[in-house]
Amino acid sequence: MARRIILANPRGFCAGVDRAIQTVDTILKASHGPRPDGLPPVYVRRQIVHNRHVVEQLAARGAVFVEELDEIPDEAAAAGIPVVFSAHGVSPAVQREADRRALAVVDATCPLVGKVHREVLRFVREGYEIVYIGHDGHDEAVGVVGESPEHVHLIEHAADVDKLEFTPDTKLVLLTQTTLSVDETADVIAALQRRFPWIELPPSSDICYATSNRQEAVKLVAQQADCMVVVGSANSSNSVRLMEVANEALGARGEAHRVDDAAEMDPAWFDGVDTVGVSSGASVPDELVAGVVERLRGLGFSEVDTVETIRENMHFVLPKELRAQR
Ligand code: 0K2
Ligand code: SF4
């Protein structure tokens, strides 16, 4: 029997990532060659998306990535060089700093992350305390908590629920990061509901369509595979969650490996493997998956099938500052 690859679908770019990358791409295309003042065509605050290859490719085309706005010189602000905020969003403090310096911000925050920011503001206005499930220090969580640090209580795991103290007269609502594991989050929610039975859930899940679709597909593929390769960078929350979901579904049959690209694959992973499943995170260009498939073909996996769980048709328009340019 031929060794087989099963590709998970949906995988790879989501609408928010596509929009964020297009945002930087549009600005780069509109800039014509190097500027006489030596300034770059665009600054990007933090990685536009959490993928090493995407960032390297945009940097090679002239985008300058900064961790904080204070790395952007005043001459760039005066010259109106655009500053793109990443797909993961920023806290109001960052926006205030940009306003103070009159930076030409182009906000590539995913609209679905923006939705959670607005939920925080609305619930705080209505007198709620917010329990937010997210990863401490992750860009998205930092931005959301920053909307109202005194009213947003961040927890990561079910075990953290015991650390929370609220009296029954406290209005409580739950919000989450967009890229969490659906199954693990269900466990945390169950623990929260046991301790605070009156806690309210958001009007619709904050875990976004792309995250849940990719997890569902990877699960189905892993159930039919002996081993999985998940393409995505180590700091990409949704990619790491995909690897965890794949591992859980594989069980004792095999292991899921996360790689940035084909070069990180170890042929020994595939000893005795007949079927390998492949997927990729929401920030991963499909050419990297093609590279993984090519390498697997070289290892004798000659048959390629696809398992599709749903067809996505989500699309977000570019940030308003750019709409005239395309
Ligand atoms: O999964 P992460 O939030 O770490 O981010 P990326 O890998 O950049 O994927 C895009 C999601 C961005 C926001 O939800
Ligand atoms: Fe938006 Fe979801 Fe993509 Fe994040 S993973 S950028 S929330 S669509």
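Heads up, residue numbers simply count up from 1 along the chain you see.
Using N, Cα and C of the backbone, Cβ positions are placed for all residues, glycine too.
Because TrEMBL annotations are produced automatically, they should be read as predictions rather than curated entries.
What TrEMBL records for GLU140 is active site, proton donor. For CYS14, CYS110, CYS208, the entry in TrEMBL reads [4Fe-4S] cluster binding site. Among the features that TrEMBL reports, (2E)-4-hydroxy-3-methylbut-2-enyl diphosphate binding site is placed at HIS50, HIS88, HIS138, THR178, SER236, SER237, ASN238, SER283. According to TrEMBL, the dimethylallyl diphosphate binding site annotation covers HIS50, HIS88, HIS138, SER236, SER237, ASN238, SER283. Summarising the annotation, TrEMBL assigns isopentenyl diphosphate binding site to HIS50, HIS88, HIS138, SER236, SER237, ASN238, SER283.
When the Cα of CYS14 ([4Fe-4S] cluster binding site) is compared against those of the recorded positions HIS50, GLU140, SER237, SER283, the shortest separation belongs to SER283. Cβ environment of CYS208 ([4Fe-4S] cluster binding site): CYS14, GLY16, CYS110, LEU112, THR178, THR179 lie under 8 Å away, each six or more residues apart in the same chain. Taking the C-alpha positions, the distance from HIS50 ((2E)-4-hydroxy-3-methylbut-2-enyl diphosphate binding site) to the residue listed as 'active site, proton donor' comes to 11 Å. Proximity to ligand 2 at the level of Cβ atoms, with a cut-off under 6 angstroms, picks out CYS14 from the recorded positions CYS14, HIS50, GLU140.
Within 10 Å of the C-beta of SER237 ((2E)-4-hydroxy-3-methylbut-2-enyl diphosphate binding site) there are 25 other C-beta atoms, taking all protein chains into account. Within 8 Å of the centroid of the Cβ atoms of HIS50, HIS88, HIS138, THR178, SER236, SER237, ASN238, SER283, where the record puts (2E)-4-hydroxy-3-methylbut-2-enyl diphosphate, the same chain has further Cβ atoms from VAL49, ALA87, ASP139, GLU140, THR179, ASN235, SER239, GLY281, ALA282. Measuring Cα to Cα from GLU140 (active site, proton donor), none of the binding-site residues SER236, ASN238, SER283 fall within 10 Å.
Neighbour density for the residue listed as 'active site, proton donor': within 10 A of its CB lie 24 other CB atoms from the protein chains shown.
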